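The following features are taken from Swiss-Prot:
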type: BINDING; residues: Gly12, Cys13, Gly14, Lys15, Thr16, Thr17, Arg120, Gln155; note: ATP binding site
type: BINDING; residues: Thr16, Asp32; note: Mg(2+) binding site
type: BINDING; residues: Asp34, Arg58, Gly79, Arg139; note: substrate binding site
type: REGION; residues: 112-126; note: region 'LID domain'
Amino acid sequence: MTEPIFMVGARGCGKTTVGRELARALGYEFVDTDIFMQHTSGMTVADVVAAEGWPGFRRRESEALQAVATPNRVVATGGGMVLLEQNRQFMRAHGTVVYLFAPAEELALRLQASPQAHQRPTLTGRPIAEEMEAVLREREALYQDVAHYVVDATQPPAAIVCELMQTMRLPAA
């Protein structure tokens, strides 16, 4: 397999952490669409949202997805990447999609402990636990629909990588 592997899921599910470890295990390159967008725009996610609103952010997110989708690469996508049908179609057509599932309570705990919390603008203006429940209600079907593989993201990252390597029959680097 040389096609890109796209990691999808809500904020805090481990897309970046697991994606980096999976890329290392495969000898692939790793890229995070949010970080790619920050480098190309010179703005943080919060700055893009403040300057261009969520529609502008989603447009930039789609552009980043297409720019980074190259062979031998693991791509951590933004939590809302699945909101646009064109992104879901693109990922399914151009790679393998892995959904890292974690319950809302777990996601909220991780986000509260995250040092990057200030860079992640609130989607709803509600407390993080309520927000994550609302986000999963809105997006769960989209994550499930786009995914080739669904993985329990409450496991340690190394266990998730091991599971993916076995399930996807991926050769180690």
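Just so you know, glycine gets a Cβ as well, placed from its N, Cα and C.
Annotated features, which come from Swiss-Prot, shown on the structure.
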| residue | record | contacts (Cβ under 8 Å, 6+ apart) |
| --- | --- | --- |
| Gly12 | ATP binding site | Ala102, Glu106, Leu107, Ala108, Arg110, Leu111, Ser114, Met132 |
| Cys13 | ATP binding site | Gly79, Leu100, Phe101, Ala102, Leu107, Arg110, Ala153 |
| Gly14 | ATP binding site | Leu100, Ala102, Arg110, Ala153, Pro157, Ile160 |
| Lys15 | ATP binding site | Met7, Val8, Gly9, Asp32, Ala76, Thr77, Leu100 |
| Thr17 | ATP binding site | Pro157 |
| Asp34 | substrate binding site | Val45, Ala64, Ala76, Gly78 |
| Arg58 | substrate binding site | Gly80, Leu83, Leu84 |
| Arg139 | substrate binding site | Ala10, Gly79, Gly80, Val82, Leu83 |
Which of Thr16, Asp32, Gly79, Gln155, the listed binding-site residues, has fewest other Cβ atoms within 10 Å: Gln155
Where Asp32 (Mg(2+) binding site) falls in three-state DSSP terms: strand
Overall pLDDT for the region 'LID domain' (112-126), taken as the rounded mean: 63
